[in-house]
Amino acid sequence: MFMASTTSAVPWHLSQPTPAGNGSEGELLTARDPLLAQAELALLSTVFVAVALSNGLVLGALVRRGRRGRWAPMHVFIGHLCLADLAVALFQVLPQLAWDATDRFRGPDALCRAVKYLQMVGMYASSYMILAMTLDRHRAICRPMLAHRHGGGTHWNRPVLLAWAFSLLFSLPQLFIFAQRDVDGSGVLDCWARFAEPWGLRAYVTWIALMVFVAPALGIAACQVLIFREIHASLGPGPVPRAGGPRRGCRPGSPAEGARVSAAVAKTVKMTLVIVIVYVLCWAPFFLVQLWAAWDPEAPREGPPFVLLMLLASLNSCTNPWIYASFSSSISSELRSLLCCTWRRAPPSPGPQEESCATASSFLAKDTPS
């Protein structure tokens, strides 16, 4: 079975091919709705510029920050998240933009397979880097001694490597599903997928939805809840800890510390809500229409709202850099400096613990032995 679409910026295709019959390639190209095609190009162009510009700015701020000292652990994750989102822009949105402009994939079979593989790598990496970042913050807050032993400052760490490794591994089926194939015997070649009838497409789309959206969303939400519980527990009554011992369950020792803890808790709640809500809002419409199209033969695959929603696979890549930058005072200051073109000397880079504020728990991170 061949499933194809020239209107979906996703690593698989759900719409039925443009009717070929015995017409020429030129006749096939004119079968598209010109207004819808223009809307697709405009939307993809906007998304590409937004993703590339947003992540480029944040990555530039990180590089500039790193020149004055080693990266904090959170900087490492944000940097790799920016790289993953830039991969989405370069390997998913940009090829699809060129594809939509010509209506057919223009390139050899090897390029077809490579583009489809890299499109999926970007989707996986963007989601898994957020999950890895959240898991690391959970370890830093709930297991500070373990986090301290691993240290920081390097541009790579185990969660980052695992996120990239799983992204590269889980994307491998794309190399075998897609190829340059003849469009319904018309003589026109396009980059098409072949799925087993009738369950292949449904199984694959459902698997992608689970692995890219559902599982990471549940993991992110669970980690944020555990982080919040850890912070909340630190406010409760408990024995005064021994010197150098854990501080779980102890009250703040001064009004100033209490105010700092309360602010951290409030920031944690905001961070949790922003991460989970934005993640779900960005991915849910896209995967809902994909699952609908895969499971319902009568789905309105060619309707404008349906088609345009299928183009929003990379929407989360537009929001990622701003969410995490807004909760990092160091990155925010660098961004303001870049955007305002004020290249004045910034304050010295804090240690690796500074970026625990990204989970609104700087007060706990400071309990980590140094």
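Numbering starts at 1 and runs along the chain as it is shown here.
For all residues, glycine too, the Cβ spot is worked out from N, Cα and C.
Note that the structure is predicted; figures quoted are calculated from it, not measured.
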Same-side flag (membrane), Ala37 vs Pro159, source Swiss-Prot: no
Per Cβ pairs under 8 Å, the stretch of 39-63, 78-98, 200-219 packing most closely against the transmembrane segment (308-327): 39-63
Number of Cβ atoms other than its own within 10 Å, given for Thr102 (site 'Implicated in agonist binding'): 10
Whole-number Å value for how far Thr102 (site 'Implicated in agonist binding') lies from Cys340 (S-palmitoyl cysteine) (Cα to Cα): 39
Assigned element (helix, strand, coil) containing Arg106 (site 'Implicated in agonist binding'), judged by DSSP: coil
PLDDT averaged over the residues of the topological domain 'Extracellular' (1-38): 50
